[in-house]
Structures are given as structure tokens and as C-alpha cells.
Amino acid sequence: MYQPAKVATYTGLFAKKDILLTSIISLSYLLLSKVLIGYKPEQLVLVVIFNLLYYISFSTRKFITGFSVFMIFWIIFDYMKAFPNYLYNTVHIQSLYNAEKRLFGIHVNGQILTPNEFWQHNTYTVLDILSGVFYLCWVPVPLVFAGYLFFTKRREQFMYFALTFLLVNLIGFVGYYVYPAAPPWYVQLYGFNFNPHTPGNTAGLHRFDDFFNAGIFNALYAKSSNVFAAMPSLHSAYNLIVLYYGIKNRLGLINIFFGVVVVGIWFAAVYSNHHYILDVLGGISCAIIGIFAFKRFIVPNRWFQSMIVEKFVQD
């Protein structure tokens, strides 16, 4: 016999179990944040946004539930301030610099320079601007892409993309603790001596800020979780994930844009003195490993499909 579909009522948005769950999550997050890294206004903003979208409508609830994957990434990244990687392993400064010079060194006037050093002597305004623009794409492009997948009803692909993004980050975070490493700008400013209290630095990206008389990168790097997390370069990984899922979803010409952004960020990472080529290769490796591991081990899992994907895909 035909059974009409159940219509969700507005009252159903405020089920006791949902109110209890979101309250516990929100308060626990604020309390844990206070204990680990201290209170910051953006923590309360995050909680307000989450709760508002969760209770405005069932559509916004679906949206914020999916995008909570990206919130988890941000929270973990923020909490890393409480656990500096240099407390757990030796920070690699000179060894990484020497490896970069040995593998990718450029001969100039009888000297061997790292690619970073070469570009520090060969800066161009157009490259300063392009590097800044590409670097600003590192998270916004993945978020916009995720939004596109969500709102075009590619919910399954949205979930795959979001969780692959999170997995790649987790792999990269492990890399930060296994192999703490100083960025090339650190060597330029401080040499090979380790200083755990070194603040974040815009490095070559200050030229973008100076050109536009803006403090965009200065504000971003003031919030840096850890200076000694240059290897791997997750900047180099994020949009590679976007490109993979763009190709997978046959998005056509927009994939050319994604490809340009990927290569642009790789170049900007080195040109701006934030990463060695080895760091970039490390980020690329994280993306490839994460994409492969997710496709090979997580997607085929029946529990994952029935309890996560199918429930999320259902309207």
C-alpha cells in the first residue's frame, strides 16, 4: 500500500535529543578551548553559526552537518597551538636546507642557491601579486567547491570530498609531529639555531600586503599554529584534492582553473619563501596518499556507506 512520505515539522527541529547533543558539543568545545588555548571571540562565533544553522531549518541543518567536517579541521589545527611539535621531535633546520640545496640548487655566480634564495634575488611585482592571489585560494576554493557539490545535489561526492580533505589534513598533521621543520624564511632570518618562541612571519607575502596596503597575510600568519610545521606543505595539497574531485565529477573547463590554482600555489609556496620544493612534494604526497587511502579503504566500507553516506544523501 502506498505510504505518503513523512513531512518534517518545524517542531521536530527542536527535539530534546538534538538540543542536548548540540548543547554538549558547544559547551564542551568552548570549555576545552578555554583550557587548551584560551578564549578567543572566533570560538564563540563558530558556536553561534553552528547552532543557528542547525536550528533554522532542516536544509540548513543538513548544510552545517556536512560542513562540520571543515570545522573539525579548523578546530584540530587551532588546538595544535597547545601541543607544539618541537616538544616531541627535533626540529629540522639545516638538514632540510642542505637537502633542498643538494637536490634543487641553482648555480649563480659560483654559488649554489636554493630556489627560495634565487627568487629572493629575483622578485617581480606581477609575481608578488599572483603569488598572493594564489595563496589566498588555499582554503576558499575548497570551501566553494564543497558548497557547489552540496547545492547541486552531489551529496555523495560532497561527503567524499570533505572527508578526503579531513583525512589529508590528519596525515599532514602527523607529518608535522614526526618531522618538525623550519620554513626557508626562518633560515634567512635566524640561521640554523633553533628558537621555539619564533613568531609567525609573512615572508615574501608581505610584498602583496605592501602593494595593496593591506594586512591580509600579516593577520593570517599572526594566528599561525606553529612556525615549525613547514613539512609537508598542506597548502600544496588542498587544491589537488579539489582538482581530483573536479575531474571525477567531469566539471569540464573549470578543472583548468583548478589546475592553474594548484600549480600557482606550488610556485607561490617557494617564491614567497614559505616552503622548500621538498615541502611542496611532501604536501603532494599527502594528497595522493589520502585520496588513495580514502578510495581504497573507506569508500568500500559497508558501515561507512550505510551510516554516513546514505543518511547524509537522503533529503
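Every residue, even glycine, has its Cβ placed from backbone N, Cα and C.
Because TrEMBL annotations are produced automatically, they should be read as predictions rather than curated entries.
Per TrEMBL, transmembrane segment is recorded for 19-37 (among others).
The annotation transmembrane segment is assigned in TrEMBL to 44-77 (among others).
Per TrEMBL, the feature domain 'Inositolphosphotransferase Aur1/Ipt1' maps to 124-291.
Annotation source TrEMBL lists transmembrane segment at 129-151 (among others). Sequence-distant contacts of the transmembrane segment (129-151) (same chain, six or more residues past either end, CB-CB distance under 8 Å): 63, 66-67, 70, 157-158, 161-162, 165, 204-205, 207-209, 211, 216-217, 235, 238-239, 241-242, 245-246, 249, 258, 261, 264-265, 267-269, 271-272.
Per TrEMBL, transmembrane segment is recorded for 158-179 (among others).
The transmembrane segment annotation in TrEMBL covers 227-245 (among others).
Listed as Cβ neighbours of the transmembrane segment (252-270) (distance under 8 Å, sequence separation of 6 or more from its ends, same chain) are residues 115-116, 119, 130-135, 137-138, 141, 145, 233, 235-236, 239-240, 242-243, 246, 276-277, 279-280, 284. Here TrEMBL flags 252-270 (among others) as transmembrane segment.
Long-range contacts of the transmembrane segment (276-294) within its own chain (CB-CB distance under 8 A, at least 6 residues past either end) are made by residues 96-97, 99-100, 103-104, 114-116, 160, 163-164, 167-168, 171-172, 175, 181, 183-184, 230-238, 240-241, 244, 266, 269-270. Residues or ranges marked as transmembrane segment in TrEMBL: 276-294 (among others).
Across all of the domain 'Inositolphosphotransferase Aur1/Ipt1' (124-291), the predicted model scores a mean pLDDT of 97.
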